[in-house]
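Some features that TrEMBL has for this protein:
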type     : residues : note
DOMAIN   : 50-213   : domain 'Glycosyltransferase RgtA/B/C/D-like'
TRANSMEM : 69-91    : transmembrane segment
TRANSMEM : 98-115   : transmembrane segment
TRANSMEM : 150-165  : transmembrane segment
TRANSMEM : 194-214  : transmembrane segment
TRANSMEM : 247-268  : transmembrane segment
TRANSMEM : 280-304  : transmembrane segment
TRANSMEM : 310-327  : transmembrane segment
TRANSMEM : 339-359  : transmembrane segment
Amino acid sequence: MKADRHWIAAILLWAVAQVAWRFAQGPSLELDEAEAFYHARHLALGYNAQPPLYFWLQWAVFQVAGEGILALALLKNALLAVGGLALYAMLRRLRPPFEAGLAVMALGLLPQVLWEAQRALTHSVLAISLSLVILALADRALRGPGRASPGVWLAFGIAAGLGVISKWNVALLPAAIAVAALIRAEWRARISPAGALLAIAAASAVVAAPLWWVTGNLATASGSLHKLGIEATAPLLRAFEGLGSLAAAWLAFCGLVILVMIGIAIATRRRPCWRPDEQARLMIAVMLTGAALLAVGLVAGGATEVKDRWLLPVALFAGPLAALWAIDRLGPSGQRRLGIGLAGLWTLAFALLPVSGWVDPGYRGADFPDWAAEIEAAHPDLPIVTDSMWAAGNLAMMLPGREVRLAADADERDGAHLLISEADEATALSQRLGRDATPQGRREIAHGDEIAVFRLAIGE
């Protein structure tokens, strides 16, 4: 249909515009970009506490587009486009093009998608894309017509496995889908035992190698567990703290969705109660089941802190679900106004992205190009060792012929090194590496209203 082509073109053109717009946001890399650039220069089963899939994909894009900002922007926005297209294709099974397109636009009601995914995120962008693909495949498997083919179950298992190695918390989504399907008789009847086993086998095969790496590198792979806030307090108190934090995270993630729904509910209060279609029921079931599984996991694990972005694999559907609800309550003029409002949100976020790059927090506008030129002039050919991931990624990009390594990756090689420390004196970094060092001054890098101070030394 012509309308389908228009919506597909709009999603793709938005991605292309975001790639071009990245160059207006500054010549340097923000924190997540720097991490992706540093690690994606080589392939490995594991890198740090994050799963490896994003770095693998970024490595592949580097081979095609070269190592630079273009390749970083291409991957991120291609993934967002894939997610939007997957959601659109799923909704078109029941909805006309305009309604499906509005639901895709309603992802903009979620700050993690509208702003953070465009501004900073890497692994979570991949998680967004794969979560939407996983839901689309689940809809195909559970809604028919008839039982899904082995190919659908295989694709679902592969997507679920890829989701897990994109961001560990994406494992929550297939788990929530499975529990929701088992609870509802109609969905349970469409589950093929052989298909389910095929999906489990496929997912297990995908995650096997990265999980094997985790078992041999527990200290590195568990580096972010402290964010869960697990404390040695009374179990009941921990449970209340964890559940309170979970509730606050849901409100933070879905706050704008809730406000929009309240406004529409007031304006359409005389309309009959909403009867969600099968796809909306699936989203509701996944969100509720995911919330319940999270609550059980928090209480059982003793975690007391939940970040709103951790809810992403299941809370992601709040925006599209709200749009489907609104579409069914609003008339044609109301639907058009909703579309205009959503388009305005996306346009505003697009326009403000350079402010993030140059002003606050200003990481992309930082003066790494001049510093890289200074290093090249003053310390040509010296390998660089630093304790700053931000510096490592930026200097590796801007000094492509130079060896740049994190201190954690440094070995016992002989010869002089340029040591750069953001944490303390560079001579202290040298001592941690078992080297003598000669101080070489300091370099200030401003970003936004803050100044990062880097101290330099020559280590022998």
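The first residue you see is number 1, and the count goes up from there.
Glycine too: its Cβ is placed from the backbone N, Cα and C atoms.
Under 8 Å from some Cβ of the transmembrane segment (98-115) lie the Cβ atoms of residues 3, 7, 10-11, 84, 87-88, 91-92, 121, 124, 128, 253-254, 256-257, 260, 308-309, 312, 315-316, 318-320, 322-324, 327, 335, 338-339, 342-343, 345-346, 349, all in the same chain and six or more residues away from its ends. Within the chain, the transmembrane segment (247-268) has long-range Cβ neighbours (under 8 A, six or more residues past its boundaries) at 109-112, 291, 306-312, 315, 318-319, 322, 325-326, 329-330, 334. Mean pLDDT for the domain 'Glycosyltransferase RgtA/B/C/D-like' (50-213) in this predicted model: 96.
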